[in-house]
Every structure is written in structure tokens, then in C-alpha cells.
């Protein structure tokens, strides 16, 4: 291992490299847009035929935005006098690696690599800043020095300053302690026994304000920022993704009601959601529809002052012991697309293990799953299930899909935050094992490839963090952020899976044993590329947004 680990003019190099990759992205976007445009509009058929190129563009855009946010993060820290050696190494390795991948190939999955040639453009010679960062950014010396600093900073919530303000870091500390004391010691047992998260944990979260975190104070919540929601989700998911996901249900339900509910619905439902008095579940997906929500077939027919629901739903998280369903159903039976869908706040009686669905008109059964346990997944059948007419969201039919889309930004930001928490957990577990496990007379962490895995985990977690924090900042400031939130979710899910897989690899054969918690973390990480929009769907949505 030779050479100095840290480049002397790093911030200047990073600034100088950005215009080159931004120009590359614009060239790629123009080239693809020309191929998929018919009569002045982007053709859905042509875009599908060019799907690989379109998704390559999405990943290229995600990398460019990630580097942009990393440079902005470094600049803020530099101004505040907090840009130290660890932060500099993280920035340098991130730029070195991501620039190399932009020019050589970005992994979309284990067997799919996105290259700019797929989009139909040729690469020229790199500029001096890009060349230097690729050549000397992500080096063995840089990775080794970063891991040495990480070992000197055991117990820190993040490796490298997060860039968040003191108030948000205080929130992080509070929930980190809770996760360490009340969640992490029991998470593996809950997973292995496939148990629901105990109600005392749910009640403790309610007392801490998790379910009303972003609900306005006038409705009984704390009125905090989406950034605070991100930090809370990160830390709880670091303890156990199931616990970190409990707040997601309330976040989605509250956002639906805030954006689309009547004044009476807001007054009736939001205080109870904020306090945790009622627990909600999202009931959208149907068998054979997956992400194609516009083709839902569950129907609701008006009968006096009630709606009568018939149909089937699947992959419903935390369905049994909740009190209300945000239920998407077709009220205009003449339609076959999203225009005939309506959203309901459908009340139900919480179930038990012995009788999960006691409400008349409802039946259901558990779907056994690989990971992401703790709330359980269910199939539900509706046969004459009744909903009060006053519980039609907004009091207007046909607005369900539009109302749901208004929640997508927050949902994707929250999912990205959960991914960061899972990745951070994998890093901490992998690093602890690498320091404690001895082979050939020394700790595993002393071997360069093991240390290198840990270094790249820390770097990519910070990249995902900055992209997610930026999305939350945009949301908090009233800016449209569906594109950035989608990118954060797309990248965060890949980072979590890579971190879990590499941490398990560090464990060797022990990682394959169920008794080691990394086996659970791997299973939990796998869902992040699937739910809330599979990676392929997410890339398609991003591409469409970039090209429109």
C-alpha cells in the first residue's frame, strides 16, 4: 500500500468534476429522448422497448445527483469547520468510485450493469479532475485510513458528520438509545419466532410521539419536519426494520387525510393517529396487480349511508391488530383504470392471533415471509364489508389514486430512511465481528478486503444519507421532490442490500447460521428493493420524469 490516502485539493477537484458528469447526463438524456419521442411526446411503447437504456439513464441521474449532494454536504461542513479527515476520505472515495462507475458501468443489480453506451452515446477522454479522482480517489490507502478512523470512533451514531443540525441530532440520540435498549436486544428473537412486535413497544413509541411526528400541532401532533421523520426512521430501523416501519403506516394515513380529507375527517382521525390511539394499515395491493394500481378490481357499491366492499387484497402489512384501513377500491364500475378509484377510511375491529379478522365481511390469512417480520403480512378478502359513507376520503368519489400519489414523496423518503438504518445496522454488526473474530493470528479487520468492504459500506451509507436528507429538505420547504425521493429510495435499497450481503460475507460460515443476527439483517434488507415500488418500477418512474 503506497501513496498518501488523501488528495490535497479535494474540494476543488470535486467541484470541477461535477460539470463534466452533469454534461454527460444531459447528453444522455437528449439522446434517449430523441429515440423515445413520437409526434413531440414521449411514447410509452418506445420507452418500454428502450427500458434498459431508460433505467441506465435513471441510475446515471441518481449518481450525478448523489455526487452533487455529497459536494454540497462537504461544502457546508467546511464552512462550519466540521470537515475533518474522515469526512474528506468519505467524499474522496465516493467521488472516485462513483465517477469510475459512471464511466465504466453502474450496477443496477447483481447481473445488470448500466453503461452510457447503452443509452447511445460515446465517452470522450475524462477531464483532469475526473481523471485524478478516478485514479487516486478510491485507493487501498484511502480505504485503510478510513477504517482506521472508524475504529477510533466506535459508538458514533454516524461515521462522518451527518451535516444535520443540533436539534435533529438530539432526536437521533434519543431514538438511538431507545433502539439500543428496547429494540435491538430482542429483534432477533422476534424475527426467529415470527412474532408481532410487542404492544409495549408500540405504546412506548406512541408516548415518544412517533405516530404524530409530522402531524400538525393543531391536530395533536408535534408538527416536526420530514427530516426528523427520516432520523427517527433511520434509528428505529437500525434496531429492527419492523419497529422502524411502524410509523410508516401512520405517516401514510396522516398524509392521505391531511392532503385529501375533509375538515371533519381531519378533526376526527388525526388526533387519534397522532396519539397512537388508533393504528392504521394501508390496503392497496391486489393479487396479480402488484405496482399496477390502476387495474384494481376490489369494488365498493353505495348502499344508503354505507359502501359495501367486495374483493381481495394482498401483502397488507400489520393488517390484523390495526383499527382503520386506508382502503383503495373501485367505485365507478364502468372504469378499468385509476379514474374510477376511491379511498376510504375503513374502520375495523383489531384482531388477535386466534381471530385476526373478527370484523363482519372480512376474512384473511397470514403470508409467511423471509424477512421484514414483526407486523406480519396478510391476504384479505372482503365479502359484504361495510364502510360508513362519511368515511369516503374527501367526500368525493374517483379521487383515490390522485390522493394516494400525493403521499408518494413522503413514503419514498421514509423508505430510503429505513434502508439507511438497515445498512447502518449491517455495518455495525459486520465491523464488530471483523474486530472480534481472529483468523491466521489476527483480527479479520486487519485484512485489506475485509476492511475495504467496511469502508465502502460507510461511504455508500453517507451517500444515501445525503440524497435522502436533501429530499426531506425539499419536502419541508414545499418543493416538488418526487424525483429526488425516488432516487433516494432506489439507491438506498441497493446500499442496504450490499451492506447486508457484505457483512454476512465477513461473518463467513457463521453468517449462514440463523443464530447470528446478520442472517436476519440480510433477509430484512431484501425487501427494500421490492416494496414501495420495486427497483425496476422506481427506475421506470424516474426515467419517465426525466424525459417528460
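Backbone N, Cα and C atoms are what each Cβ position is placed from, and that goes for glycine too.
What Swiss-Prot lists as active site, proton acceptor is 532. In the three-state DSSP scheme, residue 532 (active site, proton acceptor) is classed as coil. Packing around residue 532 (active site, proton acceptor) is summarised by its Cβ count: 21 other Cβ atoms lie within 10 angstroms of its Cβ, all protein chains included.
Annotation comment: Swiss-Prot describes 282-291, 315-317, 437, 505-509, 534-536 as FAD binding site. For residue 506 (FAD binding site), the same-chain residues that are 6 or more apart in sequence and have a Cβ closer than 8 Å to its Cβ are 430, 433, 434, 444, 450, 453, 454.
Residue density at residue 409 (substrate binding site): 23 other Cβ atoms are found within 10 A of its Cβ, drawing on all protein chains shown. Sequence annotations record features per position, and here Swiss-Prot assigns substrate binding site to 291, 409, 410, 411, 412 based on similarity to another entry.
In sequence order, 532 are the recorded positions from 282, 285, 317, 532 with a C-alpha within 10 Å of the C-alpha of residue 411 (substrate binding site). Cβ crowding, taken as the number of other Cβ atoms within 10 Å, peaks at 282 among the binding-site residues 282, 411. Among the recorded positions listed here, namely 288, 317, 509, 532, 536, 532 has its C-alpha nearest to that of residue 412 (substrate binding site). Residue pair residue 288 (FAD binding site) / residue 532 (active site, proton acceptor) shows a Cα separation of 16 Å. Counting only same-chain residues at least 6 apart in sequence, those with a Cβ under 8 Å from the Cβ of residue 536 (FAD binding site) are 55. Separation of the C-alpha atoms of residue 409 (substrate binding site) and residue 282 (FAD binding site): 16 Å, rounded to the nearest whole number.
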